[in-house]
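Take a look at the structure set out below.
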Amino acid sequence: SNIFKGPTVGSSVVAMSARLASTEATFQAKPFKLHKLDSGPDVNMHVTKEDALRYYTQMQTIRRMETAAGNLYKEKKVRGFCHLYSGQEACAVGMKAAMEPGDAAITAYRCHGWTYLSGSPVAKVLCELTGRITGNVYGKGGSMHMYGENFYGGNGIVGAQQPLGTGIAFAMKYKKQKNVCITLFGDGATNQGQLYESMNMAKLWELPVLYVCENNGYGMGTSAARSSASTDYYTRGDYVPGFWVDGMDVLAVRQAIRWGKEWCNAGKGPLMIEMATYRYGGHSMSDPGTSYRTREEIQEVRKTRDPITGFKDKIVTAGLVTEDELKEVDKEIRKEVDAAVKQAHTDKEAPVEMLLTDIYYNTPAQYVRCTTEDVLQQYVTSEEAFKALSK
């Protein structure tokens, strides 16, 4: 065989091909903890150089973009709430890597990374934060309400996305689509009643939904241990099978979702997946994040479990990429984010007229009551208004 056991990087053993060492490699994930499953995802994870570079670029872009978002908030350019994804990048990037055309995702308010991965350039995300007309939703959504193709947001209410994701999965089954809906929430939202109502319906009708708990350890300022009688969130579904995955390992996350998709596509119904991750910042920008945990705890995670540093060490050690290649990637990311920050400062703000757009999905026929000219104005879409204002 041309496969041999390479060095251990963090908790992962590198298995490399002697013949293809520079273009592909295999790593081992931490064991997946299972609930009501006879077997789970394979711990052996294969990755090509092309994919490795893409995942690194995406994670690093999200990290730098969120740093820029935090700085814009401190400059008082961002109004309202602002929840950053720093530390959790491997979750979104790994999940997106496993998704196929037609698959959907829906999350809560920590949505900047998902918006970027769903097709919005960094500039669109940052311009949305500063209320610019060039933002993801023309400056009207702000930090918590951003969207993309098959990405349903961005929801500002804790747990509100859980029944919505279940509904998206219901539509997929009704239309006989071979797709899944990834429904994301944090550990703090696992105690919300709508999660259990949703899981009951999903299991009753065997819906293709993956309930994913991004367990970053804290719901606002409350640790998981103080808020939950059981912190094994992957077992919360009771009659819904589930498993635990290391959410700081982008390849393990990808492996988990690929396996989950196969489960759903086989008609077996929902799964509950817990991704163990960590957020470096506070719950939001108004939370310093150090009153309920120590700075030493944060630094320890950065030092031993950081998703970007850990992945970088793996792929460099395996010979997939060089330090110089990654430095070039970092350089390009800096340029992109710096240019986006300038746009977020200087692009036109959304005008007051935009408040009247997107009130309804489409324009009703004239014979409908109350469709006077002033009411019809409310049926204009943001896109139509943007085009008119750009003339």
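Start at 1 and count along the chain as shown; that gives each residue its number.
Every residue, even glycine, has its Cβ placed from backbone N, Cα and C.
For reference, Swiss-Prot has these:
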- His83, Tyr109, Arg110, Gly148, Gly156, Val158, Asp187, Gly188, Ala189, Asn216, Tyr218: pyruvate binding site (BINDING)
- Tyr109, Arg110, Gly156, Val158, Asp187, Gly188, Ala189, Asn216, His283: thiamine diphosphate binding site (BINDING)
- Asp187, Asn216, Tyr218: Mg(2+) binding site (BINDING)
- Ser284: phosphoserine (MOD_RES)
- Ser291: phosphoserine (MOD_RES)
- 1-17: transit peptide (TRANSIT)
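Between the alpha carbons (Cα) of Asp187 (pyruvate binding site) and Ser284 (phosphoserine) lies a span of roughly 15 Å. Ala189 (pyruvate binding site) and Ser284 (phosphoserine) have their C-alpha atoms 16 Å apart, to the nearest angstrom. A 10 Å radius around the C-alpha of Ser284 (phosphoserine) takes in these binding-site residues out of His83, Arg110, Gly156, Asn216, Tyr218, in sequence order: His83, Arg110. Residue density at Gly156 (pyruvate binding site): 18 other Cβ atoms are found within 10 A of its Cβ, drawing on all protein chains shown.
Distance between Cα atoms for Gly156 (pyruvate binding site) and Ser291 (phosphoserine): 24 Å, as a whole number.
For Tyr218 (pyruvate binding site), the number of other Cβ atoms no farther than 10 Å from its own Cβ, over all displayed protein chains, is 22. Same-chain residues that are not part of Asp187, Asn216, Tyr218 yet have a Cβ within 8 Å of the Cβ center of the Mg(2+) site turn out to be Gly186, Gly188, Glu214, Asn215, Gly217, Gly219, Ser223, Ala224, Tyr278, Arg279. Annotation: Asn216 carries the greatest number of neighbouring Cβ atoms among the recorded positions Asn216, Ser284, Ser291 [cut-off 10 Å, Cβ to Cβ]. The closest partner of Ser291 (phosphoserine) among the binding-site residues, by CA position, is His283; the full candidate set was His83, Tyr109, Arg110, Asn216, His283.
His83 (pyruvate binding site) falls outside any helix or strand according to DSSP and counts as coil.
On a Cα basis, Asn216 (Mg(2+) binding site) lies 10 Å away from His283 (thiamine diphosphate binding site).
According to its DSSP assignment, Ala189 (pyruvate binding site) is helical.
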